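As recorded in TrEMBL:
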BINDING   33, 35, 36, 40, 293, 325, 393, 394  Na(+) binding site
DISULFID  138-146  disulfide bond
TRANSMEM  27-44  transmembrane segment
TRANSMEM  56-74  transmembrane segment
TRANSMEM  95-123  transmembrane segment
TRANSMEM  206-226  transmembrane segment
TRANSMEM  235-252  transmembrane segment
TRANSMEM  319-340  transmembrane segment
TRANSMEM  378-403  transmembrane segment
TRANSMEM  415-441  transmembrane segment
TRANSMEM  447-469  transmembrane segment
TRANSMEM  490-513  transmembrane segment
TRANSMEM  525-550  transmembrane segment
(Lines of atoms letter the chains of each structure in order from A and count residues from 1; the text may use other names and numbers.)
(Lines give C-alpha, C1' and ligand atoms only; values in the text may rest on other atoms or scores of the structure.)
Protein backbone atom coordinates (compact mmCIF):
# COMPACT_ATOMS: atom_id res chain seq x y z
CA UNK A 1 0.00 0.00 0.00
CA UNK A 2 1.13 3.53 -0.74
CA UNK A 3 1.13 6.23 1.83
CA UNK A 4 -2.24 7.75 2.44
CA UNK A 5 -3.76 5.51 -0.18
CA UNK A 6 -2.29 7.68 -2.93
CA UNK A 7 -2.17 5.59 -6.09
CA UNK A 8 0.62 7.76 -7.46
CA UNK A 9 3.07 6.87 -4.67
CA UNK A 10 4.64 3.46 -4.16
CA UNK A 11 6.26 1.85 -1.12
CA UNK A 12 9.74 1.97 -2.68
CA UNK A 13 9.52 5.56 -3.87
CA UNK A 14 12.26 7.89 -2.68
CA UNK A 15 9.81 10.80 -2.59
CA UNK A 16 6.89 9.70 -0.42
CA UNK A 17 4.87 12.83 -1.14
CA UNK A 18 5.01 13.10 -4.94
CA UNK A 19 6.08 9.61 -5.92
CA UNK A 20 8.73 8.46 -8.41
CA UNK A 21 8.94 6.41 -11.56
CA UNK A 22 8.77 2.70 -10.83
CA UNK A 23 11.96 2.18 -12.86
CA UNK A 24 14.45 3.97 -15.07
CA UNK A 25 12.93 2.23 -18.10
CA UNK A 26 9.51 3.69 -17.26
CA UNK A 27 10.97 7.19 -17.32
CA UNK A 28 12.98 6.73 -20.53
CA UNK A 29 10.04 5.20 -22.41
CA UNK A 30 7.62 7.80 -21.05
CA UNK A 31 9.92 10.63 -22.11
CA UNK A 32 10.47 9.08 -25.53
CA UNK A 33 6.72 8.52 -25.81
CA UNK A 34 6.11 12.16 -24.85
CA UNK A 35 8.76 13.55 -27.19
CA UNK A 36 8.21 11.12 -30.07
CA UNK A 37 4.76 11.86 -31.38
CA UNK A 38 2.82 13.40 -34.21
CA UNK A 39 5.66 15.89 -34.66
CA UNK A 40 7.94 13.07 -35.85
CA UNK A 41 5.47 11.09 -37.90
CA UNK A 42 3.61 13.98 -39.51
CA UNK A 43 5.32 17.33 -38.88
CA UNK A 44 8.97 16.47 -39.58
CA UNK A 45 8.34 14.75 -42.96
CA UNK A 46 6.08 17.64 -43.96
CA UNK A 47 8.68 20.29 -43.04
CA UNK A 48 11.37 18.33 -44.90
CA UNK A 49 8.98 18.07 -47.86
CA UNK A 50 8.26 21.80 -47.72
CA UNK A 51 11.86 22.94 -47.18
CA UNK A 52 13.85 21.19 -49.87
CA UNK A 53 13.86 17.55 -48.75
CA UNK A 54 17.30 16.45 -47.55
CA UNK A 55 18.48 20.07 -47.36
CA UNK A 56 16.28 20.43 -44.28
CA UNK A 57 18.32 17.79 -42.42
CA UNK A 58 21.32 20.15 -42.25
CA UNK A 59 19.66 22.95 -40.22
CA UNK A 60 17.62 20.38 -38.28
CA UNK A 61 20.64 18.53 -36.86
CA UNK A 62 22.53 21.78 -36.29
CA UNK A 63 19.58 23.10 -34.28
CA UNK A 64 19.40 19.81 -32.38
CA UNK A 65 23.04 19.97 -31.29
CA UNK A 66 23.26 23.71 -30.66
CA UNK A 67 19.86 24.46 -29.13
CA UNK A 68 17.59 21.42 -28.73
CA UNK A 69 19.89 19.13 -26.75
CA UNK A 70 21.29 21.88 -24.44
CA UNK A 71 17.77 23.10 -23.56
CA UNK A 72 16.46 19.55 -23.12
CA UNK A 73 19.33 18.82 -20.72
CA UNK A 74 18.65 22.09 -18.89
CA UNK A 75 14.91 21.36 -18.48
CA UNK A 76 15.54 17.78 -17.35
CA UNK A 77 18.05 18.94 -14.73
CA UNK A 78 15.75 21.71 -13.46
CA UNK A 79 12.76 19.39 -13.04
CA UNK A 80 14.79 16.63 -11.39
CA UNK A 81 16.66 18.99 -9.05
CA UNK A 82 13.59 20.46 -7.34
CA UNK A 83 11.02 17.72 -8.15
CA UNK A 84 8.54 20.31 -9.37
CA UNK A 85 6.62 21.15 -12.53
CA UNK A 86 7.28 24.11 -14.87
CA UNK A 87 5.63 26.80 -12.72
CA UNK A 88 7.37 26.02 -9.43
CA UNK A 89 10.71 25.42 -11.16
CA UNK A 90 10.83 29.20 -11.57
CA UNK A 91 11.23 29.65 -7.85
CA UNK A 92 14.85 29.75 -9.00
CA UNK A 93 14.12 33.10 -10.72
CA UNK A 94 10.85 34.55 -9.31
CA UNK A 95 10.93 37.39 -11.84
CA UNK A 96 10.38 34.86 -14.65
CA UNK A 97 7.74 32.67 -13.03
CA UNK A 98 5.42 33.79 -15.81
CA UNK A 99 7.55 31.72 -18.18
CA UNK A 100 6.29 28.62 -16.37
CA UNK A 101 2.70 29.82 -16.71
CA UNK A 102 3.30 30.39 -20.44
CA UNK A 103 4.64 26.82 -20.71
CA UNK A 104 1.49 25.39 -19.13
CA UNK A 105 -0.71 27.52 -21.43
CA UNK A 106 1.20 26.30 -24.48
CA UNK A 107 0.67 22.69 -23.41
CA UNK A 108 -2.99 23.36 -22.68
CA UNK A 109 -3.79 25.11 -25.97
CA UNK A 110 -1.77 22.64 -28.04
CA UNK A 111 -3.82 19.92 -26.32
CA UNK A 112 -6.95 21.42 -27.90
CA UNK A 113 -5.82 20.96 -31.48
CA UNK A 114 -3.79 17.81 -30.78
CA UNK A 115 -7.04 16.35 -29.54
CA UNK A 116 -8.61 17.22 -32.90
CA UNK A 117 -5.80 15.38 -34.70
CA UNK A 118 -6.47 12.41 -32.41
CA UNK A 119 -10.12 12.70 -33.49
CA UNK A 120 -9.02 12.58 -37.15
CA UNK A 121 -7.06 9.41 -36.34
CA UNK A 122 -10.07 7.85 -34.64
CA UNK A 123 -12.29 8.64 -37.62
CA UNK A 124 -9.83 7.09 -40.08
CA UNK A 125 -9.37 4.09 -37.80
CA UNK A 126 -13.13 3.45 -37.75
CA UNK A 127 -13.36 4.08 -41.52
CA UNK A 128 -10.64 1.45 -42.02
CA UNK A 129 -13.03 -1.35 -41.08
CA UNK A 130 -14.08 -1.58 -44.73
CA UNK A 131 -12.80 -3.40 -47.77
CA UNK A 132 -11.70 -1.90 -50.01
CA UNK A 133 -10.63 1.13 -48.01
CA UNK A 134 -12.94 4.08 -48.78
CA UNK A 135 -10.06 6.28 -49.99
CA UNK A 136 -8.73 3.59 -52.35
CA UNK A 137 -10.96 4.91 -55.12
CA UNK A 138 -12.68 8.17 -55.94
CA UNK A 139 -16.07 8.66 -54.33
CA UNK A 140 -19.15 9.28 -56.44
CA UNK A 141 -19.35 12.90 -55.30
CA UNK A 142 -15.77 13.61 -56.33
CA UNK A 143 -15.60 11.61 -59.55
CA UNK A 144 -15.31 14.73 -61.75
CA UNK A 145 -12.44 16.13 -59.69
CA UNK A 146 -10.50 12.97 -58.95
CA UNK A 147 -8.39 10.46 -60.88
CA UNK A 148 -8.69 6.84 -59.80
CA UNK A 149 -5.27 5.12 -59.85
CA UNK A 150 -6.96 1.73 -59.97
CA UNK A 151 -7.43 2.15 -63.69
CA UNK A 152 -5.05 2.58 -66.59
CA UNK A 153 -2.99 5.74 -65.93
CA UNK A 154 -1.20 7.44 -68.83
CA UNK A 155 1.36 10.18 -68.99
CA UNK A 156 1.09 13.28 -71.16
CA UNK A 157 2.70 11.44 -74.09
CA UNK A 158 -0.02 8.82 -74.08
CA UNK A 159 2.13 6.03 -72.67
CA UNK A 160 0.79 3.59 -70.09
CA UNK A 161 2.70 4.10 -66.82
CA UNK A 162 0.40 2.10 -64.55
CA UNK A 163 -2.34 -0.45 -65.16
CA UNK A 164 -4.11 -1.34 -61.91
CA UNK A 165 -6.83 -3.29 -63.74
CA UNK A 166 -4.33 -5.97 -64.85
CA UNK A 167 -6.15 -5.98 -68.19
CA UNK A 168 -4.95 -5.22 -71.72
CA UNK A 169 -5.98 -1.60 -72.00
CA UNK A 170 -4.46 1.23 -74.01
CA UNK A 171 -4.24 4.93 -73.41
CA UNK A 172 -6.84 7.32 -74.79
CA UNK A 173 -5.92 9.87 -77.43
CA UNK A 174 -4.28 13.07 -76.10
CA UNK A 175 -7.45 15.12 -76.53
CA UNK A 176 -9.31 12.55 -74.41
CA UNK A 177 -6.92 12.77 -71.48
CA UNK A 178 -8.38 14.49 -68.44
CA UNK A 179 -6.00 16.25 -66.08
CA UNK A 180 -6.68 15.16 -62.54
CA UNK A 181 -6.67 17.67 -59.72
CA UNK A 182 -6.87 15.29 -56.77
CA UNK A 183 -5.87 11.77 -55.86
CA UNK A 184 -8.51 9.55 -54.21
CA UNK A 185 -6.87 9.96 -50.78
CA UNK A 186 -6.79 13.77 -51.21
CA UNK A 187 -10.40 13.79 -52.32
CA UNK A 188 -11.46 11.63 -49.34
CA UNK A 189 -9.58 13.89 -46.89
CA UNK A 190 -11.14 17.10 -48.22
CA UNK A 191 -14.61 16.00 -49.24
CA UNK A 192 -15.53 13.12 -46.95
CA UNK A 193 -13.45 13.39 -43.75
CA UNK A 194 -13.20 17.18 -43.36
CA UNK A 195 -16.00 18.34 -45.66
CA UNK A 196 -13.67 21.31 -46.00
CA UNK A 197 -15.13 24.69 -46.88
CA UNK A 198 -13.50 27.12 -49.31
CA UNK A 199 -11.93 29.27 -46.59
CA UNK A 200 -11.84 30.25 -42.95
CA UNK A 201 -14.65 32.76 -43.52
CA UNK A 202 -16.94 29.87 -44.48
CA UNK A 203 -17.41 28.14 -41.12
CA UNK A 204 -20.23 25.90 -42.29
CA UNK A 205 -21.72 23.32 -39.97
CA UNK A 206 -20.19 21.03 -37.38
CA UNK A 207 -18.95 17.83 -39.01
CA UNK A 208 -20.72 15.44 -36.70
CA UNK A 209 -18.66 12.35 -37.32
CA UNK A 210 -15.56 14.35 -36.31
CA UNK A 211 -17.39 15.88 -33.33
CA UNK A 212 -18.26 12.41 -32.03
CA UNK A 213 -14.66 11.29 -32.50
CA UNK A 214 -13.54 14.43 -30.65
CA UNK A 215 -15.84 13.52 -27.77
CA UNK A 216 -14.41 10.01 -27.67
CA UNK A 217 -10.84 11.27 -27.79
CA UNK A 218 -11.59 13.71 -24.94
CA UNK A 219 -12.93 10.83 -22.85
CA UNK A 220 -9.80 8.77 -23.61
CA UNK A 221 -7.56 11.73 -22.75
CA UNK A 222 -9.41 12.16 -19.46
CA UNK A 223 -8.87 8.49 -18.64
CA UNK A 224 -5.16 8.82 -19.43
CA UNK A 225 -4.76 11.99 -17.35
CA UNK A 226 -6.47 10.63 -14.25
CA UNK A 227 -4.34 7.49 -14.01
CA UNK A 228 -1.01 9.18 -13.25
CA UNK A 229 2.58 8.00 -13.71
CA UNK A 230 2.34 4.57 -12.08
CA UNK A 231 -0.01 3.19 -14.70
CA UNK A 232 1.04 5.39 -17.62
CA UNK A 233 4.64 4.30 -17.03
CA UNK A 234 3.54 0.75 -17.86
CA UNK A 235 1.31 1.67 -20.80
CA UNK A 236 4.26 3.31 -22.59
CA UNK A 237 5.96 -0.08 -22.93
CA UNK A 238 3.41 -0.56 -25.70
CA UNK A 239 2.65 2.99 -26.87
CA UNK A 240 6.33 4.02 -27.16
CA UNK A 241 7.42 0.94 -29.13
CA UNK A 242 4.37 0.14 -31.25
CA UNK A 243 4.87 3.11 -33.64
CA UNK A 244 8.29 1.77 -34.70
CA UNK A 245 6.75 -1.54 -35.75
CA UNK A 246 4.14 0.17 -37.94
CA UNK A 247 6.61 2.65 -39.49
CA UNK A 248 9.01 -0.24 -40.23
CA UNK A 249 6.23 -2.14 -42.02
CA UNK A 250 5.38 0.95 -44.09
CA UNK A 251 9.05 1.48 -44.93
CA UNK A 252 9.49 -2.12 -46.10
CA UNK A 253 6.38 -1.79 -48.26
CA UNK A 254 7.42 1.64 -49.50
CA UNK A 255 10.84 0.58 -50.81
CA UNK A 256 9.23 -2.19 -52.90
CA UNK A 257 7.01 0.25 -54.82
CA UNK A 258 7.81 1.72 -58.22
CA UNK A 259 9.18 5.25 -58.16
CA UNK A 260 10.67 4.94 -54.67
CA UNK A 261 14.07 6.14 -55.90
CA UNK A 262 12.74 9.60 -56.79
CA UNK A 263 11.25 9.97 -53.32
CA UNK A 264 14.43 8.93 -51.51
CA UNK A 265 16.57 11.17 -53.74
CA UNK A 266 14.29 14.08 -52.93
CA UNK A 267 14.78 13.28 -49.26
CA UNK A 268 18.55 12.76 -49.05
CA UNK A 269 19.82 12.75 -52.65
CA UNK A 270 20.36 14.83 -55.74
CA UNK A 271 16.84 16.28 -55.81
CA UNK A 272 17.31 18.04 -52.45
CA UNK A 273 16.97 21.79 -52.88
CA UNK A 274 20.03 23.25 -51.14
CA UNK A 275 19.09 26.80 -52.19
CA UNK A 276 16.39 26.61 -49.51
CA UNK A 277 19.15 27.03 -46.90
CA UNK A 278 19.29 30.71 -47.85
CA UNK A 279 15.72 31.24 -46.64
CA UNK A 280 15.03 32.31 -43.05
CA UNK A 281 11.86 30.21 -43.00
CA UNK A 282 13.86 26.99 -43.30
CA UNK A 283 16.05 27.76 -40.28
CA UNK A 284 13.06 28.92 -38.27
CA UNK A 285 11.23 25.68 -39.16
CA UNK A 286 14.30 23.64 -38.16
CA UNK A 287 14.59 25.38 -34.79
CA UNK A 288 10.89 25.23 -33.98
CA UNK A 289 10.65 21.60 -35.14
CA UNK A 290 13.48 20.77 -32.74
CA UNK A 291 11.63 22.52 -29.91
CA UNK A 292 8.27 21.06 -31.01
CA UNK A 293 9.55 17.51 -31.40
CA UNK A 294 11.56 17.47 -28.15
CA UNK A 295 8.73 19.37 -26.41
CA UNK A 296 11.25 21.95 -25.21
CA UNK A 297 9.48 25.04 -23.90
CA UNK A 298 6.26 23.16 -23.17
CA UNK A 299 7.05 22.24 -19.57
CA UNK A 300 6.48 18.52 -20.11
CA UNK A 301 10.16 17.62 -19.97
CA UNK A 302 10.46 19.27 -16.54
CA UNK A 303 7.31 17.54 -15.37
CA UNK A 304 8.45 14.05 -16.37
CA UNK A 305 11.96 14.60 -14.95
CA UNK A 306 10.48 15.80 -11.66
CA UNK A 307 9.49 12.20 -10.84
CA UNK A 308 13.08 10.92 -11.13
CA UNK A 309 15.19 9.97 -8.15
CA UNK A 310 17.47 12.85 -7.17
CA UNK A 311 20.69 11.12 -8.23
CA UNK A 312 19.42 9.88 -11.60
CA UNK A 313 21.89 10.62 -14.43
CA UNK A 314 19.71 12.89 -16.57
CA UNK A 315 22.74 13.76 -18.73
CA UNK A 316 22.76 10.28 -20.31
CA UNK A 317 18.96 10.28 -20.45
CA UNK A 318 18.98 13.52 -22.44
CA UNK A 319 21.27 12.05 -25.08
CA UNK A 320 19.21 8.88 -25.34
CA UNK A 321 15.90 10.71 -25.70
CA UNK A 322 17.14 13.45 -28.05
CA UNK A 323 18.89 11.16 -30.50
CA UNK A 324 16.12 8.56 -30.38
CA UNK A 325 13.74 11.39 -31.19
CA UNK A 326 15.83 12.66 -34.11
CA UNK A 327 16.39 9.12 -35.38
CA UNK A 328 12.65 8.49 -35.31
CA UNK A 329 12.04 11.62 -37.38
CA UNK A 330 14.59 10.54 -40.01
CA UNK A 331 13.24 6.98 -39.95
CA UNK A 332 9.68 8.21 -40.50
CA UNK A 333 11.02 10.46 -43.27
CA UNK A 334 12.33 7.48 -45.22
CA UNK A 335 8.93 5.78 -44.94
CA UNK A 336 6.97 8.82 -46.09
CA UNK A 337 9.32 9.83 -48.93
CA UNK A 338 9.38 6.33 -50.37
CA UNK A 339 5.60 6.55 -50.52
CA UNK A 340 5.71 10.07 -52.02
CA UNK A 341 8.11 8.80 -54.69
CA UNK A 342 5.60 6.13 -55.65
CA UNK A 343 2.76 8.64 -55.69
CA UNK A 344 4.91 10.86 -57.91
CA UNK A 345 5.33 7.93 -60.29
CA UNK A 346 1.67 6.94 -60.31
CA UNK A 347 0.24 10.44 -60.69
CA UNK A 348 2.99 11.69 -63.00
CA UNK A 349 3.87 14.70 -60.83
CA UNK A 350 7.17 15.90 -59.37
CA UNK A 351 7.72 14.68 -55.81
CA UNK A 352 7.50 18.26 -54.55
CA UNK A 353 3.98 18.66 -55.94
CA UNK A 354 2.31 15.40 -54.89
CA UNK A 355 0.89 16.66 -51.57
CA UNK A 356 0.43 20.30 -50.60
CA UNK A 357 -1.28 20.47 -47.19
CA UNK A 358 0.75 20.03 -44.01
CA UNK A 359 -1.67 18.11 -41.80
CA UNK A 360 -2.94 16.27 -44.85
CA UNK A 361 0.37 14.46 -45.27
CA UNK A 362 -0.47 11.96 -42.52
CA UNK A 363 -4.01 11.61 -43.86
CA UNK A 364 -3.21 11.57 -47.60
CA UNK A 365 0.19 9.98 -48.31
CA UNK A 366 0.05 7.31 -45.59
CA UNK A 367 -3.55 6.23 -46.36
CA UNK A 368 -2.62 6.06 -50.05
CA UNK A 369 0.18 3.62 -49.24
CA UNK A 370 -1.95 1.64 -46.79
CA UNK A 371 -4.58 1.04 -49.48
CA UNK A 372 -1.93 -0.79 -51.54
CA UNK A 373 -0.87 -3.24 -48.82
CA UNK A 374 -2.23 -6.79 -48.68
CA UNK A 375 -5.01 -6.99 -46.09
CA UNK A 376 -5.06 -3.17 -46.24
CA UNK A 377 -7.83 -2.64 -43.62
CA UNK A 378 -5.72 -4.40 -40.97
CA UNK A 379 -2.64 -2.22 -41.56
CA UNK A 380 -4.78 0.88 -41.80
CA UNK A 381 -6.40 0.19 -38.42
CA UNK A 382 -2.97 -0.40 -36.88
CA UNK A 383 -1.52 2.77 -38.39
CA UNK A 384 -4.27 5.07 -37.18
CA UNK A 385 -4.31 3.35 -33.82
CA UNK A 386 -0.60 4.19 -33.68
CA UNK A 387 -1.38 7.88 -34.39
CA UNK A 388 -3.90 7.72 -31.55
CA UNK A 389 -1.33 6.34 -29.09
CA UNK A 390 1.45 8.82 -29.94
CA UNK A 391 -1.02 11.67 -29.59
CA UNK A 392 -2.21 10.52 -26.18
CA UNK A 393 1.35 10.28 -24.80
CA UNK A 394 1.63 14.08 -24.94
CA UNK A 395 -1.48 14.86 -22.88
CA UNK A 396 -0.68 13.66 -19.35
CA UNK A 397 1.61 16.47 -18.18
CA UNK A 398 -1.06 19.20 -17.98
CA UNK A 399 -2.54 17.89 -14.72
CA UNK A 400 0.83 17.58 -12.98
CA UNK A 401 1.81 21.12 -14.01
CA UNK A 402 -1.29 22.51 -12.31
CA UNK A 403 -1.14 20.27 -9.24
CA UNK A 404 2.50 21.18 -8.65
CA UNK A 405 1.71 24.90 -8.91
CA UNK A 406 -0.75 24.78 -6.01
CA UNK A 407 -0.79 21.37 -4.33
CA UNK A 408 -3.00 22.60 -1.47
CA UNK A 409 -5.64 23.67 -4.00
CA UNK A 410 -5.54 20.81 -6.50
CA UNK A 411 -4.09 17.71 -4.80
CA UNK A 412 -7.41 16.59 -3.35
CA UNK A 413 -9.30 17.57 -6.50
CA UNK A 414 -7.31 15.71 -9.17
CA UNK A 415 -10.38 13.92 -10.54
CA UNK A 416 -12.40 17.15 -10.71
CA UNK A 417 -9.50 18.97 -12.37
CA UNK A 418 -9.12 16.15 -14.90
CA UNK A 419 -12.83 16.30 -15.72
CA UNK A 420 -12.71 20.09 -16.12
CA UNK A 421 -9.71 19.93 -18.46
CA UNK A 422 -11.23 17.09 -20.52
CA UNK A 423 -14.48 19.04 -20.95
CA UNK A 424 -12.54 22.17 -21.88
CA UNK A 425 -10.50 20.27 -24.45
CA UNK A 426 -13.72 19.02 -26.04
CA UNK A 427 -15.62 22.32 -26.01
CA UNK A 428 -12.72 24.44 -27.22
CA UNK A 429 -11.99 21.87 -29.91
CA UNK A 430 -15.47 22.14 -31.45
CA UNK A 431 -14.58 25.04 -33.80
CA UNK A 432 -11.86 22.76 -35.17
CA UNK A 433 -14.39 20.13 -36.27
CA UNK A 434 -16.54 22.49 -38.33
CA UNK A 435 -16.14 22.61 -42.10
CA UNK A 436 -13.52 25.32 -41.57
CA UNK A 437 -11.90 23.35 -38.75
CA UNK A 438 -8.67 22.45 -40.55
CA UNK A 439 -7.96 26.17 -41.02
CA UNK A 440 -8.24 26.69 -37.25
CA UNK A 441 -5.95 23.74 -36.52
CA UNK A 442 -3.34 25.04 -38.96
CA UNK A 443 -3.61 28.57 -37.58
CA UNK A 444 -3.00 27.40 -33.99
CA UNK A 445 -0.06 25.29 -35.07
CA UNK A 446 1.46 28.18 -37.04
CA UNK A 447 1.41 30.69 -34.19
CA UNK A 448 1.88 28.43 -31.14
CA UNK A 449 4.35 26.00 -32.67
CA UNK A 450 6.80 28.68 -33.83
CA UNK A 451 7.18 32.19 -32.36
CA UNK A 452 5.97 31.41 -28.88
CA UNK A 453 8.26 28.40 -28.40
CA UNK A 454 11.27 30.40 -29.55
CA UNK A 455 10.53 33.27 -27.16
CA UNK A 456 9.90 30.95 -24.19
CA UNK A 457 13.06 28.98 -24.96
CA UNK A 458 15.10 32.17 -25.17
CA UNK A 459 13.81 33.48 -21.83
CA UNK A 460 14.40 30.10 -20.24
CA UNK A 461 18.06 29.81 -21.20
CA UNK A 462 18.78 33.49 -20.47
CA UNK A 463 16.97 33.37 -17.12
CA UNK A 464 18.81 30.30 -15.85
CA UNK A 465 22.21 31.19 -17.27
CA UNK A 466 22.43 34.92 -16.64
CA UNK A 467 20.01 35.59 -13.76
CA UNK A 468 20.06 32.41 -11.69
CA UNK A 469 23.68 31.82 -12.66
CA UNK A 470 25.14 29.27 -15.05
CA UNK A 471 27.91 28.30 -12.65
CA UNK A 472 25.43 27.86 -9.80
CA UNK A 473 23.30 25.70 -12.09
CA UNK A 474 26.33 23.55 -12.94
CA UNK A 475 26.93 22.99 -9.19
CA UNK A 476 23.26 22.00 -8.80
CA UNK A 477 23.65 19.39 -11.51
CA UNK A 478 26.86 18.07 -9.90
CA UNK A 479 24.92 17.57 -6.67
CA UNK A 480 22.84 15.03 -8.63
CA UNK A 481 25.34 13.32 -10.97
CA UNK A 482 28.68 13.94 -9.26
CA UNK A 483 31.59 16.24 -10.04
CA UNK A 484 32.65 16.60 -13.67
CA UNK A 485 35.78 18.02 -15.30
CA UNK A 486 36.14 21.54 -16.69
CA UNK A 487 36.32 20.09 -20.23
CA UNK A 488 33.02 18.30 -19.67
CA UNK A 489 31.24 21.55 -18.84
CA UNK A 490 33.01 23.66 -21.49
CA UNK A 491 30.59 22.68 -24.27
CA UNK A 492 27.47 23.07 -22.15
CA UNK A 493 28.59 26.45 -20.79
CA UNK A 494 29.33 27.59 -24.36
CA UNK A 495 25.83 26.56 -25.47
CA UNK A 496 23.96 27.96 -22.47
CA UNK A 497 25.91 31.23 -22.21
CA UNK A 498 26.29 32.07 -25.87
CA UNK A 499 25.50 29.65 -28.72
CA UNK A 500 21.89 28.65 -27.89
CA UNK A 501 20.56 32.12 -26.98
CA UNK A 502 22.30 33.72 -29.98
CA UNK A 503 20.90 31.15 -32.40
CA UNK A 504 17.39 31.49 -31.02
CA UNK A 505 17.59 35.29 -31.08
CA UNK A 506 18.89 35.45 -34.66
CA UNK A 507 16.28 33.02 -35.99
CA UNK A 508 13.49 34.81 -34.11
CA UNK A 509 14.43 38.26 -35.45
CA UNK A 510 15.19 36.96 -38.94
CA UNK A 511 11.91 35.08 -39.25
CA UNK A 512 9.90 38.03 -37.92
CA UNK A 513 11.52 40.33 -40.46
CA UNK A 514 10.68 37.94 -43.30
CA UNK A 515 7.21 37.03 -42.02
CA UNK A 516 4.67 36.12 -44.69
CA UNK A 517 0.98 35.53 -43.93
CA UNK A 518 0.20 31.82 -43.46
CA UNK A 519 -2.08 29.87 -45.77
CA UNK A 520 -3.58 26.41 -46.03
CA UNK A 521 -2.30 25.08 -49.33
CA UNK A 522 -3.39 27.71 -51.84
CA UNK A 523 -6.12 29.11 -49.56
CA UNK A 524 -4.98 32.38 -47.88
CA UNK A 525 -6.08 33.36 -44.39
CA UNK A 526 -8.23 36.50 -43.97
CA UNK A 527 -6.72 39.45 -42.12
CA UNK A 528 -8.86 38.89 -39.03
CA UNK A 529 -7.59 35.29 -38.72
CA UNK A 530 -3.95 36.40 -38.81
CA UNK A 531 -4.72 39.08 -36.21
CA UNK A 532 -6.37 36.40 -34.05
CA UNK A 533 -3.27 34.23 -34.35
CA UNK A 534 -1.10 37.06 -33.05
CA UNK A 535 -3.61 37.66 -30.22
CA UNK A 536 -3.32 34.01 -29.15
CA UNK A 537 0.47 34.34 -29.09
CA UNK A 538 0.21 37.54 -27.04
CA UNK A 539 -2.25 35.90 -24.62
CA UNK A 540 0.26 33.13 -23.87
CA UNK A 541 3.24 35.45 -23.55
CA UNK A 542 1.57 38.30 -21.66
CA UNK A 543 1.70 36.35 -18.38
CA UNK A 544 5.48 36.76 -18.33
CA UNK A 545 5.43 40.57 -17.89
CA UNK A 546 2.10 40.56 -15.97
CA UNK A 547 3.34 38.20 -13.24
CA UNK A 548 6.74 39.92 -13.14
CA UNK A 549 5.01 43.28 -12.60
CA UNK A 550 2.67 41.81 -9.96
CA UNK A 551 5.62 40.40 -8.03
CA UNK A 552 7.56 43.65 -8.38
CA UNK A 553 4.66 45.67 -6.93
CA UNK A 554 4.18 43.24 -4.02
CA UNK A 555 7.86 42.98 -3.12
CA UNK A 556 9.11 45.20 -0.24
CA UNK A 557 11.88 47.80 -0.44
CA UNK A 558 13.07 50.27 -3.03
CA UNK A 559 12.70 49.50 -6.75
CA UNK A 560 16.32 48.28 -6.97
CA UNK A 561 15.93 46.10 -3.88
CA UNK A 562 12.72 44.64 -5.28
CA UNK A 563 14.39 43.80 -8.58
CA UNK A 564 17.35 42.18 -6.83
CA UNK A 565 15.08 40.13 -4.59
CA UNK A 566 13.12 38.84 -7.60
CA UNK A 567 16.32 37.75 -9.29
CA UNK A 568 17.27 35.57 -6.30
CA UNK A 569 15.80 32.12 -5.59
CA UNK A 570 12.85 31.94 -3.20
CA UNK A 571 12.96 30.25 0.20
CA UNK A 572 11.28 27.22 -1.38
CA UNK A 573 13.99 26.69 -4.03
CA UNK A 574 15.96 23.61 -3.08
CA UNK A 575 15.94 19.83 -3.59
CA UNK A 576 12.53 18.48 -2.54
CA UNK A 577 13.88 16.11 0.12
CA UNK A 578 15.92 17.51 3.00
CA UNK A 579 18.49 14.71 2.82
CA UNK A 580 19.58 15.91 -0.62
CA UNK A 581 20.05 19.58 0.26
CA UNK A 582 23.49 19.32 1.82
CA UNK A 583 25.33 22.40 3.02
CA UNK A 584 24.54 24.51 -0.06
CA UNK A 585 20.81 24.49 0.63
CA UNK A 586 20.78 24.24 4.41
CA UNK A 587 18.72 26.88 6.22
CA UNK A 588 21.75 28.78 7.55
CA UNK A 589 23.19 29.09 4.04
CA UNK A 590 20.02 30.52 2.50
CA UNK A 591 19.77 34.18 3.55
CA UNK A 592 17.69 36.86 1.85
CA UNK A 593 15.30 34.44 0.28
CA UNK A 594 12.01 35.65 -1.17
CA UNK A 595 8.57 34.18 -0.43
CA UNK A 596 6.52 34.05 -3.62
CA UNK A 597 3.70 31.73 -2.69
CA UNK A 598 1.34 34.36 -4.08
CA UNK A 599 1.69 32.60 -7.43
CA UNK A 600 -1.18 30.36 -6.30
CA UNK A 601 -3.42 33.42 -6.09
CA UNK A 602 -2.56 34.35 -9.66
CA UNK A 603 -2.95 30.77 -10.88
CA UNK A 604 -6.34 30.43 -9.23
CA UNK A 605 -7.58 33.62 -10.87
CA UNK A 606 -6.88 32.54 -14.45
CA UNK A 607 -7.56 28.83 -14.00
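Using the three backbone atoms N, Cα and C, a Cβ is placed for every residue, glycine included.
Taking residue pairs at least 6 apart in sequence, the transmembrane segment (56-74) and the transmembrane segment (447-469) share three or more C-beta contacts under 8 angstroms. Listed as Cβ neighbours of the transmembrane segment (490-513) (distance under 8 Å, sequence separation of 6 or more from its ends, same chain) are residues 63, 66-67, 70-71, 73-74, 280-281, 283-284, 287, 450-451, 454-455, 457-458, 461-462, 464-466, 470, 473-474. Taking only the Cα positions, the spacing between residue 293 (Na(+) binding site) and residue 138 (disulfide bond) is 34 angstrom. Among the stretches 56-74, 206-226, 319-340, 525-550, the one making the largest number of Cβ pairs under 8 Å with the transmembrane segment (415-441) is 206-226.
Highest Cβ pair count under 8 Å relative to the transmembrane segment (206-226), across stretches 95-123, 319-340, 525-550: 95-123.
A 10 Å cutoff on Cβ-Cβ distances gives residue 33 (Na(+) binding site) a total of 27 other Cβ atoms nearby, all chains included. Ranking 56-74, 319-340, 525-550 by CB pairs under 8 A with the transmembrane segment (95-123) puts 525-550 at the top. Cβ atoms under 8 Å from those of the transmembrane segment (319-340) belong to residues 28, 31-32, 35-36, 39-41, 44-45, 48-49, 53, 57, 60-61, 64, 68-69, 72, 243-244, 247, 250-251, 254-255, 257, 260, 263-264, 266-267, 293-294, 351, 354-355, 361, 365-366, 368-369 of the same chain, restricted to positions at least 6 beyond its ends. Same-chain neighbours of the transmembrane segment (525-550): 95-99, 101-102, 105-106, 109, 199-201, 439, 443-444, 446-448, 451-452, 455-456, 459, 517-519, 566, 598-599, 602, 606, counting only residues six or more beyond its ends whose CB sits under 8 Å from a CB of the stretch. Counting only same-chain residues six or more apart in sequence, the Cβ atoms lying under 8 angstroms from the Cβ of residue 35 (Na(+) binding site) belong to 293, 294, 295, 301, 321, 325. Cβ environment of residue 40 (Na(+) binding site): 293, 325, 328, 329, 332, 390 lie under 8 Å away, each six or more residues apart in the same chain.
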